Amino acid sequence: MLPDMNSTASGGDESQRKRNDGIDNKSSSENLDNNSINNQELKRKRYHRHTPEQIQEMEACFKQHPHPNHNQRKELSDKLGLEPLQVKFWFQNKRTQLKTWHEHHKNSYFRNENNKLRVENMRCREDLINARCRACGRAIVVDGKSSNEHCLRVENAQLREQIEYLATILVKFVGKPLENDVITPSSTASPTIDTETVRKFKGKAEDGGIFINEL
């Protein structure tokens, strides 16, 4: 019995196809390995650590030109043996670091000022609570009125007491009470007494051994 030629040819094609697939898979694996190696090399180049001399030179240039243009970056990269893109990234990172440092310093300054204002506010509150009137020595109770108004009210009360005391003396020596219009709320600061009453009061005060020159 003769072998089937078609079956033999089909088997040969299948073997050849498997060999080709194996070669393709091997080539793909090699390409992936090569790509991985290339990526690692690019990363090493990307994260290249600059030498102290390069950093010192770029620091000096940064002080004069924080934002160098393309020509300045090209000139500096040629001088330091770097790529222009490396110089560009270094300047960007330097500006970011400087901005962060300034913001941190500013926040610290405002935090200290805020603490000072808080302490000053607490001290003012304590002074307000312990405040006393200079005229009477009493503690000032703040109920929506100013301390100046409180002092004026205390002073007016003292003047009213003095006027009432003088009025009592006048009644004692003159013999008649003061009229209602002599002491009024509007005249507490400077009371007015008629001239005749004052003359009689002085005369009787002198007769009694009391010398009063003026009220």
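Placed from the backbone N, Cα and C atoms, the Cβ positions cover glycine too.
For 1-46, the entry in TrEMBL reads region 'Disordered'. The compositional bias 'Polar residues' annotation in TrEMBL covers 1-10, 25-40. Taken from TrEMBL, the feature compositional bias 'Basic and acidic residues' covers 14-24. The annotation domain 'Homeobox' is assigned in TrEMBL to 41-101. Annotation comment: TrEMBL describes 43-102 as DNA-binding region.
Secondary structure by DSSP for the DNA-binding region (43-102): 47 helix, 0 strand, 13 coil. Per-residue pLDDT, averaged across the domain 'Homeobox' (41-101), gives 86.
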